[in-house]
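Below is one structure; the comments refer to it alone.
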Amino acid sequence: MASAPEDPVLERYFKGHKAAVTSVSFNPNGKQLATASWDTFLMLWNLKPQARAYRYVGHKDVVTSVQFSPQGNLLASASRDRTVRLWIPDKKGKSSEFKAHTAPVRSVDFSSDGQYLVTASEDKSIKVWNMHRQRFLYSLYRHTHWVRCAKFSPDGRLIVSCSEDKTVKIWDTTNKQCVNNFSDSVGFANFVDFNPNGTCIASAGSDHTVKIWDIRVNKLLQHYQVHNCGVNCVSFHPSGNYLITASSDGTLKILDLLEGRLIYTLQGHTGPVFTVSFSKGGEMFASGGADAQVLLWKTNFDELHSKDLNKRNLKRLHFDSQPHLLDIYPRTPHPHEGKVETVEINPKLDVIDLQSSSPPVVDILSFDSTTTTDTIDRTQPDKNGEDISAYFMNPSLVQPGCSPAVRKKTEDVSDLLSDSQRSVPLAVTDALEHIMEQLNVLTQTVSILEQRLTLTEDKLKDCLENQQKIFGTIHQKS
């Protein structure tokens with residue numbers, strides 16, 4: 001079927017990462033795109049042609065997630081190096097580092113007012129941070145396995161999280177309790193998010209499915225089976241009427257949620273697609289995957305109505321709001337088998353502006369109070385990680401000769417650091433180093449306590465299960 005004028009079109013692709021792209025995020029001003037990668041770098045792309053790109057150096061391991069703040073003045077990133085970083089997205093690229101978790105951090109997400117940040121980790125916890133004071137607020141513990149993703153609701157009153165324990169949980173940020181729990185016996189969700197008006201959540205399943213749940217009536221509304229492999233990411237159009245999905249089967253798919261059907265299959269990546277995101281206005285979306293490329297797509301479906309819909313949605317950002325005609329409600333659950341004819345778009349990288357797809361890249365080294373020269377001396381990720389890492393570590397995706405460049409950067413950093421330290425009085429330097437040592441001791445103490453708490457919880461769970469088995473045996477004998 002031929003593409004209609006309103007169909008999605010591949011506008012540009014960006015090349016600069018040396019390994020798989022794990023996360024993409026548009027600046028709310030619509031002028032920049034941030035991307036995270038398995039190559040340990042963040043990149044900031046300007047959407048206007050011929051503009052240079054910036055590569056931010058600071059993380060020591062895979063960068064798993066990146067997000068712009070709602071005001072566009074901050075970038076948050078999560079990494080397998082167990083830290084979260086806040087960056088100022090400019091030529092200087094100043095950043096601050098949080099030793100956030102005791103295991104790899106999987107996701108970051110700002111609240112809609114930009115005041116809070118939620119992080120999810122393989123240490124089974126979710127943490128909330130105050131951005132104004134840049135300090136830790138509280139943890140949420142109920143998951144029994146790695147937490148893959150955590151997101152704020154549009155009004156900030158709820159957090160949704162998904163874990164490899166095969167549950168999706170809803171948390172109340174006021175009383176910090178788990179208020180809802182969706183379980184799946186087949187697979188686990190790789191990614192989860194709220195729709196724009198906060199009444200529903202969508203989950204991207206490792207079992208190849210996409211599910212839409214209504215959190216007001218605790219009901220599965222829609223169940224799509226349109227991919228041949230695990231679904232890694234989803235993104236709602238600002239109108240709430242469309243959902244785009246990214247899968248390890250190498251495709252992106254766009255679902256019409258009001259009609260309850262698949263409308264587009266997009267092919268452009270080689271290998272698994274790990275991330276996709278709509279821009280704030282919905283006129284563009286970007287995707288990234290194992291081929292280390294970032295694709296920028298343009299679409300104008302629903303363009304005329306999205307602003308009006310956003311205004312209406314803003315008036316209804318409450319957990320207990322009444323059902324509305326514009327909601328995905330009260331649709332009955334239905335498995336979607338993809339039998340309806342859909343439009344397939346395969347641009348084969350036939351991009352108009354090929355020259356601007358590989359803009360000049362400027363390396364920006366991060367300096368902050370917690371960064372030292374050995375912070376920059378990164379190592380390649382361990383190949384014996386999770387199963388999906390096989391895609392990231394495809395040797396053909398990692399350009400040879402990147403190690404000498406890294407070594408050179410390390411030397412440059414040590415030179416710059418020695419210059420900057422000469423201008424600081426020795427007493428002040430010693431005092432700051434002492435403070436940092438004390439903070440590191442405190443951080444390690446808290447990490448040990450968290451690990452002990454997790455072990456205690458696991459042991460308690462085992463005891464309860466054994467107790468139930470003993471009671472069951474006694475009951476059968478009696």
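Just so you know, glycine gets a Cβ as well, placed from its N, Cα and C.
Since the structure is predicted, the reported quantities are computational estimates derived from the model, not experimental observations.
The repeat 'WD' annotation in TrEMBL covers 14-55 (among others).
Residue counts for the repeat 'WD' (56-87) under DSSP, split into helix (H, G, I), strand (E, B) and coil, are 0 helix, 17 strand, 15 coil. What TrEMBL lists as repeat 'WD' is 56-87 (among others).
Packing against the repeat 'WD' (98-139) from elsewhere in the chain are residues 61-62, 64-71, 74, 76-86, 145-152, 154-156, 159, 161, 163, 171, 173, 176, 370, 440, 443, 447, 450-451, 454: each is 6 or more residues past its ends and has a CB under 8 Å from a CB in it. As annotated by TrEMBL, repeat 'WD' applies to 98-139 (among others).
Cβ atoms under 8 Å from those of the repeat 'WD' (140-181) belong to residues 103, 106-107, 109-113, 116, 118-122, 124-128, 187-194, 196-198, 201, 203, 213, 215, 218, 313, 317-319, 453-454, 457-458, 461 of the same chain, restricted to positions at least 6 beyond its ends. Marked as repeat 'WD' by TrEMBL: 140-181 (among others).
The annotation repeat 'WD' is assigned in TrEMBL to 192-223 (among others).
Remark: secondary structure over the repeat 'WD' (224-265) totals 0 helix, 24 strand, 18 coil, with classes taken from DSSP. According to TrEMBL, the feature repeat 'WD' maps to 224-265 (among others).
According to TrEMBL, the repeat 'WD' annotation covers 266-298 (among others).
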> What average pLDDT is reported by the model for the repeat 'WD' (56-87)?
Replying inline: 96
>> Treating G and I as helix alongside H, and B as strand alongside E, what does DSSP give for the repeat 'WD' (98-139) in helix, strand and coil?
In response: 0 helix, 24 strand, 18 coil
